[in-house]
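Worksheet: the structure to be examined is printed underneath.
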Amino acid sequence: MRLGLCVVALVLSWTHLTISSRGIKGKRQRRISAEGSQACAKGCELCSEVNGCLKCSPKLFILLERNDIRQVGVCLPSCPPGYFDARNPDMNKCIKCKIEHCEACFSHNFCTKCKEGLYLHKGRCYPACPEGSSAANGTMECSSPAQCEMSEWSPWGPCSKKQQLCGFRRGSEERTRRVLHAPVGDHAACSDTKETRRCTVRRVPCPEGQKRRKGGQGRRENANRNLARKESKEAGAGSRRRKGQQQQQQQGTVGPLTSAGPA
């Protein structure tokens, strides 16, 4: 009799423990499920009770908002002002612009739109356009004056010396750039550009005809110089002769003084 009562007591105790454990397990599952449904907002695939959304749907962007000392993830269809969208195969993100006073940016260090009242110049925001630039067409974007549009450098020309291509070893060669387009109303600001450098070539004798022409030209130049010297000397001698003649004439006209009296 006692043995039967003990068996019944053990069976009842085991049944009670089983029911209790099932109830606790069911309560835990319901609590986790409830917390998950409250933390994950629409468009969020993975979330945390502490940090909000951890992963958004493929077409949405995740933005980390600061809440006291925590960062909470939020899923958005587009990034707010001051952020730019960074698309990634894993997850699209909104990244804050690092440029001061920037409202929209292309990357973290290149602004595309400044806050109201500020001027945009080369991806930065300024209270006024920097020196050498001005706002274009009433906008808030600064631009530098139009530059001269030049052609590419031409190939280097032949090595020459005094317009000769022979009879020397060291000479010079040059190349040029031409104006393709000048700023409107300021054509004087642009001009063709020439660049010269020294060159060394193997000495090539000049053809006989060119030598004779060169020699004849040299003789003519020497003859002209000699003629000029001769004319200069003759002019100097003539000037001295004329001066001597004038002095003699002056001495001949001056005679002794005589006094006039009654005969």
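For all residues, glycine too, the Cβ spot is worked out from N, Cα and C.
When Swiss-Prot is consulted, the disulfide partner of C102, picked from C79, C111, turns out to be C111. Swiss-Prot records C-linked glycosylation site for one of W14, W156, namely W156. Here Swiss-Prot annotates a disulfide bond for C79; of C94, C97, the partner residue is C94. Recorded disulfide link (Swiss-Prot): C190 to C148, out of the candidates C142, C148, C159. In this structure, the CA atom of C199 (disulfide bond) is 47 Å away from the CA atom of C129 (disulfide bond). Using DSSP to sort the residues of the repeat 'FU 1' (34-85) gives these counts of helix, strand and coil: 6 helix, 27 strand, 19 coil. Rounded to a whole value, the Cα-Cα separation of C114 (disulfide bond) and C102 (disulfide bond) is 4 Å. A C-beta separation below 8 Å, combined with a sequence spacing of at least six in one chain, links C97 (disulfide bond) to G82, Y83, F84, A104, C105, H108, C111.
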